[in-house]
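Database features (TrEMBL):
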- B:66, B:67, B:68, B:69, B:70, B:71, B:72, B:73: ATP binding site (BINDING)
């Protein structure tokens, strides 16, 4: 199998980040370097280029993934490098990896093989501290809430109705449901609460949707932290928390510039999970990249039903971003998985299973092309064990669906392996695109959720308990009905049952819980068993991650 | 009153950190810059200069402080600048400020007036991410513990005897006592636990005492996280956690280089609180500074009974550091406070109260000079409202105690205001010093605690409940008796009662709780009501901290 991701990354010759920035025309005094190979680009500079014409935006999405992932980040990086190779001024925009999963099951999230962003260990670990700032801002607000109650509760906060949760960037199931404030009067009022992972937090969503410092502060002030006894919403602004939260986040809001192994510039900034949050890197990074490059390749997390749907209905709606083309990443492996094959048997050739599984791809393709009106190409992210017969069958299935599939070998070959994909993307992006949202702004929250479930997930209908229905109605009545819906759902299936592979139809989507994100300006609908705080597996990656005698980090995949 | 701290700091003209490093002879490729004015100095470079002769170490300590603090950090900075002004190659070594108190009552902790380290906002907020790394390492270990139990508990951890606590860098009293693992089998086993502030964590202590990456990993592996049913200690090593924890901390372990307002180089690295931890910046930073400068001025937190005692008995003992002189910071204000004056009346001249209060200073002076054998000078940190009569009375009291007092005006005048102090320090540091510890290694844990209480605190004896006595005996029997003791105690009094000002005698010191820190290699004895997780006050500083329309942070003091 050759070298591991970290071995390839550690062997890479990086260019100084000042040179990468210089290639984009960013002056050195607009950079805040973090070491030699990472830098934040100042918001002041990015404001100064806001009037420039925009480049073309390419959205990379995927089929419903297997537990190993289908290489969406890898394809985003490979496509960026390939665009550079064929002579385009290209940039890549990606989410920052969450620390929790790095030490859990997933390992690193900075691409793979010869399509990675570097320095890989830094990006996977603390990077420039953005997630830490987001955690501190979230937890400071929590402390201010409990302190306000403890100090006399002038706002009359109902401790039973505090909805704000604390966060940590650790997979820690023991913190999902906790009781805080125990130990007597000096410690405040006991109440039930819980922790989410940082990437599921509203502050993360606000951070990724904000247009600048002023908008960030405004949105943080709008956060609803809970209710009084008579159900009046209490805002972060009421607690005078939003100024300090903004101070904590100020430096973090400047996008992080790094490079790919082939020196294509990359913004890696913000990182909400697509199954429990809106799933796209920061709007500021993508908007800025479009002023710096002619082609910007960005990724929306997990399958098109999750990340891409939120990219379109939440991010594009609020930010004005408009993609010119989409790439749908598929693998032979995932198609066999959706055709019903066990994970252990996936390496074995099985054309029939693959053909059964293509229903998953075709539904995503239909969503992207017909529902949203985006020109799309399927990128077959090639793996060494894929047989010619399997690849041919997958290409043929895509052609039968009226689209084009391109085999991409960037994992093994870097940008050179994705040149055909790059040419196809350039071709697709020539035509003007009229993006269509999944649902109109003025549909009710219930209608929005139902439209997503029916049009994107193939469901018959949505269901909810009386309590959840009442909560949705109350949010609608309180004036939050114009917000888009942010669905938290398993990434493994169009349904809420991760075992239901392929393209299930006729299922019901049950809304288990609803959370208002008034700062992010969306309503989260938690469907099925999805967790906003993951747990660690029986053999966590943390057990093998180490520092060797030379001070090198090892065991990070 | 002129300009505020942040206004002075924001108006300062900083030198590029590469120039500051260059002045110390540190080559540019041994720096990891964080912006233009902060950099980590590589451990590899610092290892390469380990054989150089060492400069002289000056320890800055203080009287028991008032709630406002007596300007120990300010004096450390002012003395460093004054040493530079009189032609010495000087460096300053300070602790990193904790975020929790910045948003609570204390405000910033980067000095004050014209004696500050800069960039002040960065240092007070996230700086280079060290505390975040320490929090993640601590919380990852916690998650691995609960996960181990959840996944089958092969090690047989007794969930009732897990001693490892999670941490956040927020003042959050609601997290002192919590129940985690609620919500059903999927979330693990319910158990009582709690959160400390990052600066009270064992990982912070380990970080500040480690001699390098290998020692860090070894100590992290040694951490005792709890016990099995038959009382066998369970180590972080048993959970295979220490490698990943080291990976998280690897970059953080390199000291952070910044500068004072007058461009004296400063290492600001690590930051355990002196009342709930061992209270000194990292051993690596101080040891390295001694190879880079002829005079290194460092601070131990709070009064000499707390920070300096631990500096001597924990840090000097384990690291081999040996101070050549000590500076005891006193203020007219604090002397009046110890003379019984209410905080509101402190600005009024009151020579009689001041003279009564000097008993506090004299006891600290006796400890430093007689118990530890360190030559010492008293620095009177001058405030505008101090009258000549008060200052003269304070000088006279010090002279009666056989020592010298120097008035220092660095807050108002920068290094120029502390030149007399600098000359006196240089004079004191000429003679070789034989440092004496408060107690010998081979005393029992109980004897060590009693010796500290009697010799340093003026107590009659120590007390403890039967359970605490049994715990101390068990630690002694288990082989931890050779460790030094780390006392957690109020900083406001020699006793455990913060209201007992001056120099109380004859009191008992009650040990409320004992915690083993096997990685840090000390035993924490928590005396009186001290909290390892602070709370926020009725009007938290967070309410006034903000970002203005220019993107400047305001309201940070």
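In case you wondered, yes, glycine gets a Cβ from its N, Cα and C as well.
Known features from TrEMBL, placed on the structure.
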residue : record           : Cβ contacts under 8 Å, 6 or more apart
B:66    : ATP binding site : B:331, B:333, B:334, B:337, B:343, B:346, B:492
B:67    : ATP binding site : B:105, B:343, B:492
B:68    : ATP binding site : B:333
B:70    : ATP binding site : B:62, B:63, B:329, B:330, B:331, B:333, B:334, B:381
B:71    : ATP binding site : B:112, B:329, B:331, B:381, B:411
B:72    : ATP binding site : B:60, B:61, B:62, B:65, B:299, B:301, B:329
B:73    : ATP binding site : B:94, B:109, B:110, B:111, B:112, B:299
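Note: the ATP site is recorded as B:66, B:67, B:68, B:69, B:70, B:71, B:72, B:73; in the same chain, B:62, B:65, B:331, B:334 also have Cβ atoms within 8 Å of that site's Cβ centroid. Over all protein chains present, the Cβ of residue B:69 (ATP binding site) has 20 other Cβ atoms lying within 10 Å. In the three-state DSSP classification, residue B:69 (ATP binding site) falls within coil.
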